[in-house]
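Worksheet for the structure shown next.
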Amino acid sequence: MKFSLLALALATAAFASPMDIDARALSEGNELRNGDCKDITFIFARASTEPGLLILTHPNDRMSKPGKVACQGVGPKYTADLPSNALPGNTSPAAIAEAQGLFEQAAKKCPDTQILAGGYSQGTAVMDGSIKKLSSDVQAKIKGVALFGYTRNAQERGQIQGFDKDKTKIYCAVGDMVCQGTLVITAAHFTYVADAGAATRWLVSKLD
């Protein structure tokens, strides 16, 4: 599975110096499953049809936390296919179950890790559906969730139902109609990389 451009911008801006995150590991985004426990676990669900893009932010934008972050993308059961957007949860039950399993794996495998999470477009529905299903103990380990182009924004009334609103940051661009409960894609839906810096600062601020 691969991380999106937005996930890479977040992960590298928030947590890494140029040599801290191996290029292959970032591209595959499988460090929770295959790697050692880290102080922070970052779980991200990409947008529909989104391929992995190995893009790093400028070094001056980084807030370095060398070697302290495990980056994990949701997949392969989450296929990021277009038809799943039209399902009742705006993504597939398999995708939700997979993301739920990743949160639970992080909490069980790495009991001392602090979990941060994010999603873009259909990936926001994956985050919404999975986090709602978590036990209160696992939810408590999630320090912050950033959602970009939240496809469940209208349905969930600007939150993840049953999850602490103070731990949720929603980015909905002006003119992005998916945030209004439709599946109409406009140019505004592709502008969220510009919010990566602000989202990074917010996520880092939620850590203990």
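Don't overthink the numbers, they just go from 1 along the chain as shown.
Glycine is no exception: its Cβ is also placed from the backbone N, Cα and C atoms.
Annotated active site, nucleophile per Swiss-Prot: S121, in sequence order, evidence recorded as sequence analysis. The active site annotation in Swiss-Prot covers D176. Sequence annotations record features per position, and here Swiss-Prot assigns active site, proton donor/acceptor to H189. Positions annotated as disulfide bond by Swiss-Prot: C37-C110, C172-C179. The annotation signal peptide is assigned in Swiss-Prot to 1-16 on the grounds of sequence analysis. The site 'Transition state stabilizer' annotation in Swiss-Prot covers S48, Q122 and rests on similarity to another entry.
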Which of S48, S121, Q122, the listed recorded positions, has fewest other Cβ atoms within 10 Å: S48
Length of the line joining the Cα atoms of C110 (disulfide bond) and C172 (disulfide bond), in Å: 32
Site of maximum Cβ density within 10 Å, from recorded positions C37, C172, D176: D176
Top Cα neighbour of H189 (active site, proton donor/acceptor) in the set of recorded positions S121, C172, D176, C179: D176
Rounded distance in angstrom between the Cα atoms of C37 (disulfide bond) and Q122 (site 'Transition state stabilizer'): 28
Structural state of C179 (disulfide bond), classified by DSSP into three states: helix
Candidate nearest Q122 (site 'Transition state stabilizer') in space, where candidates are the recorded positions S48, C172, C179 and distance is Cα-Cα: S48
The residue listed as 'active site, nucleophile' and C172 (disulfide bond), Cα-Cα, nearest whole angstrom: 10
From S121, D176, C179, the recorded positions whose CA lies within 10 Å of that of S48 (site 'Transition state stabilizer'): S121
Residue among disulfide-bonded residues C110, C179 with least C-beta crowding, 10 angstrom cut-off: C110
